[in-house]
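A short write-up of the structure that comes next.
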Amino acid sequence: MFVNSDNYIKYLKLWLITLFSLIVLMVAVGGLTRLTDSGLSITAWELFTGILPPMNINEWNFYFTEYKKIPEYKNINYGMSLDEFKVIFYWEYAHRLLARFVGLFTLVPLLFFTLYFKKTLHYSNKYYWIFFLVCLQGFIGWYMVSSGLIENNDVSHFRLSIHLSLALFILCLIFWYILDIHKIKKFENKIPNLFLLFILKLIVLQIVLGAFLSGLDGGLIYNSWPDMNGSFFPNDVSYGDLITTQLFNNPSIIQFLHRSTAYLLLFFIIILNFIYFKKQYDFKYVLFFDVAILFQIFLGIITLISGVEITYASLHQLGSILVLSSYFLILYKNSN
C-alpha cells in the first residue's frame with residue numbers, strides 16, 4: 001500500500017512542511033509568552049504530567065501557591081489575583097502543550113517512515129536529527145525557566161538566547177531538507193562562500209543580540225530612532241563599558257549593539273546585491289531576502305518607538321524566521 005519511493009517523498013514533504021509550520025507557531029507562542037511575562041507561571045517541568053490544565057479551584061490554588069514562592073511574584077507581581085494568574089498561566093501552558101505535540105509529530109511520522117519505507121531508494125535516517133534537536137530544545141527550555149525560579153526575577157537572557165537560537169536552527173535545518181527534496185536548481189557561478197558565511201554570522205549575531213535585548217527588557221529604554229534619546233551612544237554608559245565584563249548584561253549597550261549590527265548587516269547586503277547584478281543571477285532570490293531584511297528593520301524601529309508594543313514585538317521576532325529562510329534559500333542555491 002505505502003511502500004514505494006514516490007509515496008515516501010510525498011509524505012516526507014508534507015511532514016516537513018507541516019512540522020516547519022508548527023515550529024513557527026511554537027516560536028510565536030513562545031515569544032508572546034515572553035512578552036507577557038508568563039514564562040515562570042508554571043514552576044515545575046512536568047514532562048509527563050501537566051498535560052491537562054487545572055480543572056478545579058484546588059488545582060488552581062496549588063499552581064498559584066507555587067508561583068507565589070518565586071522572586072517574580074514577590075518582587076514584581078505581589079498581590080496578583082488568581083484571575084490575573086490564570087492569564088499568564090495559559091500562555092505558558094499553551095507553549096508547553098504545543099511543544100509536546102511537536103515532539104510527538106516529529107517522532108511518530110519518523111517511526112512510520114522507518115517501518116514502511118526503510119528499503120526504498122530515497123530513505124534516510126538523517127531526519128532523526130530533527131527529533132534529537134527537538135528533545136534537546138525541551139531540555140534547554142526547562143534550563144532557561146529554572147534560571148528564574150530561585151534568585152532572579154526573570155530568566156537568564158543568555159539561556160533565552162540559546163533557546164531561541166536552537167529553535168531557529170531547527171527551522172533552518174527543516175527548511176534545508178525541504179529545499180533538498182524539491183531539488184532546487186543551484187547557481188552555476190558561485191558567490192564566495194566566505195562572504196556568504198560572514199553575512200550569516202552577522203544575522204546570527206543580530207538574532208542573539210535581539211534575544212539579549214528581550215531578556216533584559218532593553219527595548220523599554222531609548223525609544224527613539226535614529227538617535228538614542230538625542231545622542232548616537234547611550235548617555236548612561238561610556239565607551240569604556242564596551243570592554244568590561246558586564247558588556248552583555250547592560251541593556252543600553254545591547255540596544256546600541258543591536259542597532260549598530262543592523263546597519264552593518266545592511267551595508268554588506270548592499271554589497272551582496274552588487275555581486276548578484278555582476279553575476280547576472282535570477283534577482284528574485286536576493287530581492288526576496290532584501291524585502292525580508294527591510295521589513296525586519298521597519299518592524300524593529302516600530303517596535304522600539306512603540307515601547308515594545310506586543311503585536312509589533314511578536315512580528316519582529318517572527319521576522320527573523322523570514323530573514324533566515326530567505327537567506328538560507330540563497331545559501332542553498334550557492335551550495336555544491
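Positions of Cβ are set from backbone N, Cα and C atoms, glycine also.
Look at Swiss-Prot and you will find 12-32, 97-117, 130-150, 161-181, 194-214, 256-276, 285-305, 310-330 tagged as transmembrane segment. Residues or ranges marked as heme binding site by Swiss-Prot: His258, His316.
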- Query: Where else in the chain does the transmembrane segment (194-214) make close Cβ contacts, counting only residues six or more beyond its ends and a cut-off under 8 Å?
  - Reply: 34-35, 157-158, 160-161, 164-165, 168, 248, 251, 254-255, 257-258, 261-262, 264-265, 268-269, 271-272, 275, 313, 316-317, 320, 323-324, 327, 330-331, 334
- Message: Applying the under-8 angstroms CB criterion, which one of 97-117, 130-150, 161-181, 256-276 scores highest with the transmembrane segment (285-305)?
- Response: 256-276
- Output the single range from 97-117, 130-150, 310-330 maximising the number of Cβ pairs under 8 Å to the transmembrane segment (161-181). 130-150
- For the transmembrane segment (310-330), sequence-distant contacts whose Cβ falls under 8 Å of one of its Cβ atoms, 6 or more beyond its ends: 24, 27-28, 31-32, 35-36, 164, 168, 171-172, 175-176, 179, 184, 191, 196, 199-200, 203, 207, 210, 214, 219, 285-286, 288-289, 291-293, 295-296, 299-300, 302-303
- Message: Let me check the 10 A CB neighbour count of His316 (heme binding site). How many other CB atoms are there?
- Response: 24
- Would you count the other C-beta atoms found within 10 angstroms of the C-beta of His258 (heme binding site) for me? 22
